[in-house]
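Per TrEMBL, the features are:
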BINDING   G13, T14, G15, K16, G17, T18, R129, V138, Y139, L203  ATP binding site
BINDING   T34, R39, K60, Y61, V62, G91, Y92, P93, R94, Q98, R164, R175  AMP binding site
BINDING   C132, C135, C154, D157  Zn(2+) binding site
DOMAIN    129-166  domain 'Adenylate kinase active site lid'
REGION    33-62  region 'NMP'
Amino acid sequence: MTKKRLIFIGAPGTGKGTISQMLKSQWNYVHLSTGNLFRNIIKQDSALGQTIATCLQAGKYVSDEITNAVIEQTFASDANQLRTQGFILDGYPRTLGQAKFLATLTPIDCVILLAVNDFSPIIKRLSGRLVCLQCQTVYNTNVAQTTPKVSNQCDFDHSTLTKRKDDEPQIIQDRIEHYLQSIQPVIDFYDDCNQLVKIDASLELSKLYDAVVAVLKERYERIHSP
């Protein structure tokens, strides 16, 4: 499958990160998660890192100004890799301002909206999420396909897994509400550009992945057909 420039849109817990990891593993995409980018900055213990940490721990989103600057720097420093391998943006853009800024940096081939109607399973799913702080692989004790082989241990580097502070139930609820308030203009923006494809995120994980791959293959054939 030819590499594309992709965006995944979806509420916290809809599977954006997991599906991105699966595409990265099978197709060697570059997975650009704003969450991971922010956490790497936080590790540097800078003033910027402290500002970002305060937002994330409170379940709030980082400002457009900071987020756009981080994305712009990432595109500048990794330009060759992003062009040759293709990329998946996970967690960006979250606002209309971010979407318009991204349009000045790069074309986008497809935007996949992982949609759900009932958020109660999402809250339960996120409450079981664990992450490896070394390689950023995400596991979930409530999802069979993403349970670590050894309890509380990363399958790849054997580091101890950690529960994120922003995966507490009340913070999850706050994040979902914030997402719902800000995302509709982004959805409308990409829908107007004929780039948006909606997929039911309540599907079982393997079926959700198959649905995403089918969309990407169909999208590429349609774009490049004579």
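Just so you know, glycine gets a Cβ as well, placed from its N, Cα and C.
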Alpha-carbon distance [Y139 (ATP binding site); C132 (Zn(2+) binding site)] in Å: 8
Maximum Cα-Cα separation (Å), residues T34, R39, K60, Y61, V62, G91, Y92, P93, R94, Q98, R164, R175 listed as binding AMP: 25
Those binding-site residues listed as K60, R129, R164, and which of them has the most Cβ atoms within 10 Å of its own Cβ: R129
Residue distribution over DSSP helix, strand and coil in the domain 'Adenylate kinase active site lid' (129-166): 5 helix, 10 strand, 23 coil
Distance from C135 (Zn(2+) binding site) back to R94 (AMP binding site), taken between C-alpha atoms, in Å: 24
Cβ-Cβ neighbours of C154 (Zn(2+) binding site) (radius 10 Å): 22
